[in-house]
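Student: Right, I'll just put the structure down here and ask away after.
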Amino acid sequence: MVLKIFFPQCCNTADSGLLVGRWIPGHNSAVVLAVIHYPFIPGQVKKYLNELQSQTQVELIVLGSWSMPKEGQEGMESFLKDLSTIFPQKCWLQLSREIGKIGFTCHVVQSNEKLLQDPEQENEDGSSEKDQITLIHYDQRKVMLSQIHPVKEVKSDSEPSELRLVFQTVAQSQLLFSQDKYDDGPLKLTHWQSEGREASIIAELLKQVSVPVCVFLTWLLSLWHYFCSFRIFNVRPVLFISSKLSTCVQSGHRALNFETAFSTKRVATHTDFMRKANIFVSFLVDIALGLLLISWLYRENRISKLANTLVPVADRVAKELQELLEWLMGAPAGLKMNRALDQVLGRFFLYHIHLWISYIHLMSPFIERILWYVGLSTCLGLTFALSILSDIVALLTFHIYCFYVYGARLYCLKIYGLSSLWRLFRGKKWNVLRQRVDSCSYDLDQLFIGTLLFTILLFLLPTTALYYLVFTLLRLVVVLFQGVIHLSVDFINSFPLFAIGLRICRPYRLAEGVKFSVLCEEPGTPLHLMMEINPIKFSSVLQLYRAPTYSCNPKDSWAALCKKLFVGELIYPWKQKKNAKTD
């Protein structure tokens, strides 16, 4: 049998006393948490452990004795050994260390007065069994603050491993580590905080201030929800427009993050804590980047320069579009187009450009003031500013979106018309009820009209397809620019900054496992191992702690996207079409 004793490094030089810890259920392992120094009263030790056990829900017991010989304490080891009758256990650990040696001896006395450290013992059936004791030294502070991954839920049916139970035991015994040598009490202990509790004045002040701040922000959030619950904001047109504006979507997402980050409820699990911390740090970084942007915008009169540049750029874009339409209305690349349809489409789109330019010139006196107030909104965060930029781009390129929708609808109508008429030639028809192609008989008149319509649509298809191709390319350029903005917003919202910072500064907090190295292997002493924590990989940190966020990008694959482009379905009007076919 192999007995593993997890011993904290901070107790290597502790004075003689009693070992306090816990036996790991289902395993031949014991975790030493602290050493109670001599002198002590056994009754007070039992009372103290019972109080700790009721508060921490950890079965803390006296595991054995620890002997560190000093002058005037020659009989201390035998005295501590006799305490096994006062604290009866199945196994009584007797650890002793000599000054000047790294390792220390260990004797385990069982309830039948049998020593476990005998090199080889003979069982009743005549077989021999070798007992071995291994002392595993660990950093108590790191183990207490660490979390082994993958994180298991509290209500998980699978039994936790031995290592996970060791980490949980140390983490749940924080109340034991709250007593230091400066506290007035009948018992003196040695643990990782025995020389003084680790604390920060700034951290304590922030804890005191955080509660009223969270209450105030929660009250403001409730006012925001009450304001959004007005009936005028729940009308279908308003809901439709708000669902398409990136600013409104980002505001709703930020409100949900506020509700999580500034909640006054105490988090119950490590996952909830990390999610709350990541959202809070992401919010602070977002606000800091927004303040940097607003300081840059309002310096050296950049708002006025931007407003004065906007109208000439719009005129330049309109001029380029007019030249493009005039080129399409002629003989583009030497292609023979349908003259009548080409002129109708070209004049129709030129009229839209004229309307758009009139709209821009009508708004030009107010552009600087609008940009000035929009710039102030960047104090709400860089993501809010990027969302407003996306909406401004959508408004400024609304004419391109209209061109794309008109061209796509005409092209899609011709494609579906040609496919339906092609089935007519083959004696087929689309069955709407059963969603399949069935055989169908047509008379001569139906075939004649179908042939006539098929010929007309086929000869008009190149003109429509050319306009659709040009405006689809323009629309894809706008979508690509907006996609970069949305990806930036999603990156800021979802990137686990707190987890990454914790992995860099304190890698032991996010543990993936442990590794052991031989610390001491002296004759006459057990094997001493040093347990070190293996931190989790950065890729795993991003995968585990990346916050969920909204996405404005389509969920289609590249194949589905190419299919939509070929048949003329809208790829970015935010609305996903159903795959229903009608004839």
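Cβ coordinates are placed from backbone N, Cα and C, and glycine is handled just like the others.
Reproduced below are the annotations present in TrEMBL:
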type	residues	note
TRANSMEM	209-227	transmembrane segment
TRANSMEM	279-298	transmembrane segment
TRANSMEM	344-363	transmembrane segment
TRANSMEM	370-397	transmembrane segment
TRANSMEM	403-425	transmembrane segment
TRANSMEM	446-470	transmembrane segment
TRANSMEM	476-500	transmembrane segment
Student: Apart from its near flanks, which chain residues at least 6 from the ends of the transmembrane segment (476-500) lie with a Cβ under 8 angstroms of it?
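Tutor: Same-chain contacts beyond the flanks: 246, 250, 253, 257, 274, 277-278, 280-282, 285-286, 289, 382-383, 386-387, 389-390, 393-394, 397, 400-401, 510, 538, 541-542, 544-553, 571-572.
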Student: Six or more residues beyond either end and a Cβ under 8 Å away: which residues meet both conditions relative to the transmembrane segment (370-397)?
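Tutor: Apart from its flanks, the transmembrane segment (370-397) reaches 245-247, 249-251, 254, 283, 286-287, 289-291, 293-294, 297-298, 303, 306-307, 310, 314, 363, 478, 481-482, 485-486, 488-489, 492-493.
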Student: Determine which residues of the chain contact the transmembrane segment (403-425) at the Cβ level, with the cut-off under 8 Å and only residues 6 or more beyond its ends counted.
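Tutor: Residues packing against the transmembrane segment (403-425) from afar: 348-349, 352, 437, 442, 446-447, 450-451, 453-454, 457-458, 460-461, 464-465, 467-468, 470-472, 474-475, 567-570, 573, 583.
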